[in-house]
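Colleague: This is the structure I want to talk about, given as structure tokens.
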Amino acid sequence: MHEPLPSLRLLNNGSTTFGLATGGTMEPLYAKICKTDIDFSNCISFNLDEYVGLEANHEQSYAYYMHQHLFHEKPFQASYLPNGLATNPLEEAARYEALLQQHSLDFQLLGIGQNGHIGFNEPGTSFESLTHLVTLEESTRQANARFFSSINEVPTQAFTMGIQSIMRAKCILLIAVGETKREVLERVLASDYTEEIPASALTKHPNVIILTDLQVEENKS
């Protein structure tokens with residue numbers, strides 16, 4: 001698997017806007033970044049998603065995750081996440097999308113779920129979707145239950161950038177690690193372009209980098 005840090009260094013040559021992701025896949029990357037001299041003090045970040053119902057200092061909120069894994073060592077000029085405690089979630093989703101549209105994402109980090117979700121865009125999400133409120137699939141809640149005391153504590157809803165929101169980024173870095181991601185990555189690379197595999201939207205983006213530890217072949221047909 002190629003090292004993503006050179007890509008970040010090339011981008012990090014001035015005011016840059018990053019879309020950031022969370023989860024176990026990103027932890028080694030953020031740990032490496034924290035040991036470098038990369039400076040984000042002139043940069044802006046937008047997080048891909050956030051749970052509904054968790055305050056920012058909750059240990060499983062993505063605001064807390066970002067502080068623990070990156071922001072405490074590498075602060076940005078400004079860092080934006082959806083407000084998990086917003087009194088009107090639909091208005092909060094619209095507010096966050098409007099904020100995104102005021103900026104242009106230079107670089108978007110993504111992981112991929114076993115069902116092909118990117119962010120919390122579950123199978124069946126429209127490729128035209130903007131930032132929205134989503135009810136999480138049971139498979140996604142099960143996958144994230146390891147971070148909570150029990151699955152009953154895993155939120156049932158989340159905010160997520162929509163697929164169209166993600167696709168506006170100038171460059172996308174998708175990281176897929178481990179055998180559990182093989183099947184879905186092979187389907188994406190086989191150009192199985194369908195809303196039932198949200199990540200397949202990336203095949204239509206002009207500048208996507210895929211980093212993986214898997215030996216997979218791209219279907220050239």
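Even glycines carry a Cβ here, placed using N, Cα and C.
As annotated in Swiss-Prot:
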- Asp49: active site, proton acceptor (ACT_SITE)
- Asn115: active site, for ring-opening step (ACT_SITE)
- His117: active site, proton acceptor (ACT_SITE)
- Glu122: active site, for ring-opening step (ACT_SITE)
Colleague: Over all shown protein chains, what is the count of other CB atoms within 10 A of the CB belonging to His117 (active site, proton acceptor)?
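Modeller: Excluding its own Cβ, the number within 10 Å is 24.
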Colleague: Pop the Cα-Cα gap between Asp49 (active site, proton acceptor) and Glu122 (active site, for ring-opening step) into the table, whole Å please.
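Modeller: About 13 Å separates the two Cα atoms.
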Colleague: Could you measure between Asn115 (active site, for ring-opening step) and Asp49 (active site, proton acceptor) for me? Cα positions, answer in whole angstrom.
Modeller: 17
Colleague: Return the residues near Asp49 (active site, proton acceptor) by Cβ distance under 8 Å, restricted to its own chain and a separation of at least 6 in sequence.
Modeller: Ala21, Thr22, Tyr62, Pro82, Gly119, Phe120, Ala158, Phe159, Thr160, Met161
Colleague: Per DSSP, to which secondary structure element type does Asp49 (active site, proton acceptor) belong, with helix, strand and coil as the options?
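Modeller: The three-state answer is strand.
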